[in-house]
Amino acid sequence: MADAATASATDDGSEPGGDSGPESESVDRSLLGAVVAFSLLATALRLVHLGVRTAHWDEARHGYAVLRYGATGVWEYRPILHGPLLAHANELLFGVFGASDAVARLFPALLGGLLPLSAWLFRERLRRSEVVALAALLAVNPALLYYSRFARSDLLVATFAFVTVGLVVRLLDTREPGYLYAASVSFALAVASKENALVYLACWLGAGALLVDHRLFWKRWSLVGDGERRLAAPDWLRGRVDEAVVLFAVLNPLVVALVPGVGRVVAIVLLLVVLRCALWVVPRDGEAFPAIVGVGVAVLSLLVFVGDAVVATYAVAWLVAAAYVLGVLLRGTDAGRTLGLWRGPVLLSGVVFTVVVTALYLPRGTGVGALAGDPLLLADLVESALFGSWTAASDLWFGSVQDQSVLPYTIFFVKTLLAGAAVTCVFGVVGLLLDRYRDGGARDLVAFCGYWGLASVVVYPVVMYGMGPWHAVHVAVPLAVPAAVALSLVYRWGRDAVADRRAVSAALAVLVLTGGAGTAVGAAVATSYHSSASPDNGLVQPGQPGTDLDPALAHVSAATAAHDDGPDVLYYGAYFAMDDESAADSLPVTDEYGWRDDTYRQLARNEAWYNRLPLPWYFEQQGLETASARNATALRAALESPPPVVVTRAAHRDTVARELGGGYEQYPVQLTVNGTNTVVFVNASAGRESKR
């Protein structure tokens, strides 16, 4: 992103950042005021009626886990619940405000409200109208609005990743080390939000490679002469990059992590290849050669004799070797001298990143109290936070869980983007093309974000686990930059048409702008407020309950308020039944296997707990004790001391009603958007007595 503010003129004809006088300061204040106004609008949109929608299964599972974390003080990273940031934030918020749907969504909502402020970071790379358009898109995009009002980590990782890019841009514009440290913290928070921060990094590397290709290797097509492209790479670079360097770069940790089935043996072979490539590049008489050999031997020893955290261990050796290889490639160049001057800040920012990630992934409760008696345990905890978390995440997200057909996921993803980010996607592609072929060539920032967004469209159908509409967030954020460019261009066309009295052109510009704004705002209102749990809503995932549970939950609360003898809630039927209710004391809830009668078999079936969602989240808030009955015999035994609440599938309604014998009111609910018809039986007399 080496294009500075001089890449394009701003809307009033001056160069961005080129005037530091009073008039420029006044314009900057007005621009900042517009960005802040959109941030305030975004915050208001995200906070209004925040707790109205019933919790999605994912929200309920995460909220339940945080409640257990608060009750026990024990937490450790679970890949299926994603990164620890939301859990730690909500544990704090629940302690201050109490647990509820609104409080569970408060952190993503506030972060989504602040997201438009990130447009200010690009003020020296974009026109003023483009900055305003970017803030507006981030404020009202339907997908961003919906999932800012959702207790998931997708909005978190998208926000912190986008802010990281903005801070790096400011670093390039100002050369202030503070932006480097801030970027390291921001990306650390992205990594602590969700595992697909690594997908962001891969997309950035791909987009950056395309920019390097444009800037270093190829000139533009010539309109005169032979019309052939000519290699434009510097002589020093062409003389130093050979097959060994290319192979070393290809075998980077991200590529290795994305290759399925990378075990210890494969990692050892790849590491030997990487080390051989690095040793071909570095001189034998320098310090790099013995350093790479020493690190290589140490890491190979770990892989051979320990074998844990294979990819993370591989990454350590690769990064050390990469630092020396890069130093050799850039020796004697301006880039090399610049990196030499920034060696200290870069190392410090790496330390900051590592400390933040470790602190957030560090297990809580288990083993932590023993640190006072044995400080050496800290090393084990840090290993668990970094390498243990990576191993758990890679086993799930890069393992067999991703064995899926790409085409259905691609079709689903495109439909989701049309439902939640149509304006951003259409204008994003148009803006990327318009900026690419404008006079003076493409701006690096616009091209980078465009490539990043388009790469995400291709990548997420491959890596997504389940058809989650929330993945649209990861496309909407980067494509907002080229979309803002297109909207700004239409605005300027319309403004010039008005000045030149070209009524037709002005009307077309107004039509495009109002049509785009109306489409985005209309979709945002429909998806987030009017039909936030409707099966017709393209942003709704099937785990969203199809009915409002609040009326039934209010009666449950009243009926159980004075109950203190036995379970408060009884689940009936194999769909909900657990053999061991205590298995839900901490997540994940799993079936129990072991040896019995000389046979390894299933000892307890507990995973039906997940079918109860989102009810466990609400019942745990009220501190209700639960039990279950798998069949009619167990039901009759449990009803010898009738609980105030019984939950069953609608197919068992008559059986339960007959066994209860009357006195219970029935509340039909849908636990998923497409059905899962369930009936909640509530003891009406218990509810009336509790109100006396």
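Even glycines carry a Cβ here, placed using N, Cα and C.
Remember, TrEMBL labels are computer predictions, not curated facts.
The feature region 'Disordered' is assigned by TrEMBL to 1-26.
Per TrEMBL, compositional bias 'Low complexity' is recorded for 1-11.
Within the chain carrying the transmembrane segment (31-52), a Cβ under 8 angstroms from the stretch's Cβ atoms is held by residues 100-103, 105-106, 109-110, 112-117, 119-120, 123, 128, 131-132, 135-136, 138-140, 145, 148-149, 524, 528-529, 532, all 6 or more beyond its ends. Positions annotated as transmembrane segment by TrEMBL: 31-52 (among others).
Marked as domain 'Glycosyltransferase RgtA/B/C/D-like' by TrEMBL: 82-221.
When Cβ-Cβ distances below 8 Å are used as the criterion, the transmembrane segment (102-122) is approached by residues 31-32, 35-36, 38-40, 42-47, 50-51, 55, 59, 62-63, 66, 86, 89-90, 93-94, 131-132, 134-136, 138-139, 144-145, 147-152, 155-156, 159, 162-163, 166-167, 169-170, 445, 477, 481, 484 of the same chain, each at least six residues removed from its ends. Residues or ranges marked as transmembrane segment by TrEMBL: 102-122 (among others).
Taking Cβ pairs closer than 8 Å, the transmembrane segment (131-149) reaches residues 31, 34-35, 38-39, 41-42, 45-46, 50, 53, 105, 108-109, 111-113, 115-120, 122-123, 155, 158, 416-417, 419-421, 423-424, 469-470, 472-473, 476-477, 480-481, 483-485, 487-488, 491, 520-521, 523-524, 526-528, 532, 539 in its own chain, all 6 or more past its ends. According to TrEMBL, the transmembrane segment annotation covers 131-149 (among others).
Long-range contacts of the transmembrane segment (155-171) within its own chain (CB-CB distance under 8 A, at least 6 residues past either end) are made by residues 1, 83, 85-86, 107-108, 111-112, 114-115, 118, 121-122, 124-125, 144, 147-148, 177, 179-180, 182-183, 186-187, 189-190, 193-194, 196-197, 200, 204, 445, 448-449, 473-474, 476-478. Residues or ranges marked as transmembrane segment in TrEMBL: 155-171 (among others).
Annotation comment: TrEMBL describes 199-218 (among others) as transmembrane segment.
The transmembrane segment annotation in TrEMBL covers 289-306 (among others).
Residues or ranges marked as transmembrane segment by TrEMBL: 312-330 (among others).
TrEMBL lists 342-362 (among others) with the feature transmembrane segment.
Packing against the transmembrane segment (406-433) from elsewhere in the chain are residues 137, 141-143, 146, 446-447, 450, 453-454, 457, 460-462, 464, 467, 469, 471-472, 475-476, 479-487, 489, 516, 519-520, 523, 527, 537-539: each is 6 or more residues past its ends and has a CB under 8 Å from a CB in it. Residues or ranges marked as transmembrane segment in TrEMBL: 406-433 (among others).
What TrEMBL records for 445-466 (among others) is transmembrane segment. Counting same-chain residues at least six beyond the ends of the transmembrane segment (445-466), those with a Cβ under 8 angstroms from any Cβ of the stretch are 1, 3, 122, 125-126, 165, 169, 196, 199, 202-204, 206-208, 210-211, 214, 397, 401-402, 406, 409-410, 412-414, 417, 428-429, 431-432, 435-436, 474-475, 477-482, 485.
What TrEMBL records for 472-491 (among others) is transmembrane segment. When Cβ-Cβ distances below 8 Å are used as the criterion, the transmembrane segment (472-491) is approached by residues 11, 115, 119, 122, 126-127, 129-131, 133-134, 136-138, 141, 143-144, 147, 154-155, 157-159, 161-162, 196, 199-200, 203, 413, 416-417, 419-421, 423-432, 434-435, 445-446, 449-450, 452-454, 456-457, 460, 509, 512-513, 516, 539 of the same chain, each at least six residues removed from its ends.
Outside the transmembrane segment (503-526) by six or more residues, the chain places 45, 137, 140-142, 145-146, 419-420, 422-424, 427, 487, 490-491, 493-495, 497, 537 with a CB less than 8 A from a CB of the stretch. Annotation comment: TrEMBL describes 503-526 (among others) as transmembrane segment.
Counting residues of the domain 'Glycosyltransferase RgtA/B/C/D-like' (82-221) by DSSP class, helix then strand then coil, yields 113 helix, 1 strand, 26 coil.
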